[in-house]
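> Sequence annotations record features per position, and here Swiss-Prot assigns region 'Pyrophosphorylase' to 1-218. The annotation UDP-N-acetyl-alpha-D-glucosamine binding site is assigned in Swiss-Prot to 6-9, LYS20, GLN69, 74-75, 96-98, GLY134, GLU147, ASN162, ASN216, ARG321, LYS339, TYR354, ASN365 on the grounds of sequence analysis. The feature Mg(2+) binding site is assigned by Swiss-Prot to ASP98, ASN216. According to Swiss-Prot, the feature region 'Linker' maps to 219-239, an assignment based on sequence analysis. If you look up Swiss-Prot, you'll see 240-445 marked as region 'N-acetyltransferase', on the strength of sequence analysis. Per Swiss-Prot, the feature active site, proton acceptor maps to HIS351; the stated evidence is sequence analysis. For ALA368, ASN374, TYR375, SER393, ALA411, ARG428, the entry in Swiss-Prot reads acetyl-CoA binding site.
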Amino acid sequence: MRALVLAAGKGTRMKSKIPKVLHPLSGKPMIEWVVETAGKVAQKVGVVLGFEAELVRKTLPEWVDVFVQEEQLGTAHAVMCAKDFIEPGDDVLILYGDVPLISENTLKRMIEEHRKGADVTILVADLEDPSGYGRVIQDGDKYRIIEDADLPEELKSVTTINTGFYVFSGDFLLRVLPEIKNENAKGEYYLTDAVNFAEKVRVVKTDDLLEITGVNTRKTLVWLEEQLRMRKIEELLENGVTILDPATTYIHYSVEIGMDTVIHPMTFIEGRTRVGENCEIGPMTRIVDCEIGNNVKITRSECFKSVIEDDVSVGPFARLREGTILKKSSKIGNFVEIKKSTIGEGTKAQHLSYIGDAFVGKNVNIGAGTITCNYDGKKKNPTFIEDGAFIGSNSSLVAPVRIGEGALIGAGSVITEDVPPYSLGLGRARQVVKEGWVLKKRKEE
């Protein structure tokens, strides 16, 4: 089985300089949805590109065969541009880059039905209002497709529409492609004409209208996003996740969340995030591409491409940047920013700190206002803080530097040299007190 994805259109009605198939749906480009699904049912996947072909090509996996339709002259013409992809002894599935939610199950049903002996298998659906769609007309054992504009009056009551998804026998498709003409109002070559050449046609019906919805406008894309969002939320609710306010909660379809986790309002969980069991997320929190363990609490914070182990507390108003690893039972408090750093088990950074390019051991206390000065104007340098160290408030650790195990840094210090284990590091001027100085100064004035 081969799958050919037609994705050459510009998407004029999207009013965008970005190719239509690259517009994201639930966090990933529409074409990525289709290619991933195609890869689950077909041994080889090809994509026909057109507008901004090179830009779209960059988003595709290396295992996808790419063909280019220089001039968009219809669906059959697009398939003709990929005729080298079609093998006489193999079947080919036709998909569309702007119909992103076609399901693996439906495609498998089509393939199974096709293998009962067919030139072509059509995916159809019944619509209450089929206006604008080509109708699938059955005449005994045969089927044909008539475009809406060409329907005679007596057939306008037919509600079975052609979705545009097909499985073709490779032999049949190669034979009929040269016979398709562009004798229509638009002067284009339509794949529906190939169906009308077929002697053996089989039909599969879908009742899920989401999976056959094509995106031609931003309005449709937003509608599809909302439907997908609510479908995901309902799935999570049914599997033991509490979502206190679905109307203000945005969860991408790729997200996984364990049971007994509570999601508060105004929470955004995106990308390939996995959240464990019995967590509390939000309110007003954004999490992107993170791995989160069990019993984690994150509130009013942002977390990007980070790993958060069990029993960790984050926030409020914390920011975890890419490369952050929070080990078990660590605590990250308000207005703490962490970037490309590992925070050890049981370590606390509770207030007003920046930790960048650092490796922090177990049970370290990082006082309020601590800064790792990691950038020297040319490159980022590492800071090492070993187990059990205590960093006093308002300290600056100028990297590269190492704070030894059990060492103590006095508050207000600027540390530029390594501090050995169990040592006191001070990097500040001695305090001077001049008694009565203020009164003396006033008398002089």
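Cβ from N, Cα, C; glycine included.
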> Taking DSSP states H, G and I as helix and E and B as strand, how many residues of the region 'Linker' (219-239) are helix, strand and coil?
20 helix, 0 strand, 1 coil
> If you measure from the CA of ASP98 (Mg(2+) binding site) out to 10 Å, which binding-site residues from the list LEU6, GLY9, GLU147, ALA411 are inside that radius?
LEU6, GLY9
> For ASN365 (UDP-N-acetyl-alpha-D-glucosamine binding site), which residues of its chain lie six or more apart in sequence with Cβ-Cβ distance below 8 Å?
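THR347, LYS348, ALA389, PHE390, ILE391 - these are the non-local Cβ neighbours of ASN365 (UDP-N-acetyl-alpha-D-glucosamine binding site), listed in sequence order.
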> A 10 Å Cβ contact count, applied to the binding-site residues ASP98, GLU147: which residue has the minimum?
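Looking at the binding-site residues ASP98, GLU147, the Cβ with the fewest others within 10 Å is that of GLU147.
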> Whole-number answer please: how many Å between the C-alpha atoms of GLY9 (UDP-N-acetyl-alpha-D-glucosamine binding site) and SER393 (acetyl-CoA binding site)?
59
> Per DSSP, GLY97 (UDP-N-acetyl-alpha-D-glucosamine binding site) is which: helix, strand or coil?
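DSSP assigns GLY97 (UDP-N-acetyl-alpha-D-glucosamine binding site) to coil.
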> Among the recorded positions listed here (HIS351, ALA368, TYR375, ALA411, ARG428), which has the Cα closest to the Cα of LEU6 (UDP-N-acetyl-alpha-D-glucosamine binding site)?
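Checked the recorded positions HIS351, ALA368, TYR375, ALA411, ARG428; minimum Cα distance to LEU6 (UDP-N-acetyl-alpha-D-glucosamine binding site) goes to TYR375.
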> With the acetyl-CoA site defined by the record as ALA368, ASN374, TYR375, SER393, ALA411, ARG428, how many Å span the farthest pair of C-alpha atoms?
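About 22 Å separates the two most distant Cα atoms.
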> Could you tell me the C-alpha distance between TYR375 (acetyl-CoA binding site) and the residue listed as 'active site, proton acceptor' in angstrom, no decimals?
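Cα-Cα, rounded: 22 Å.
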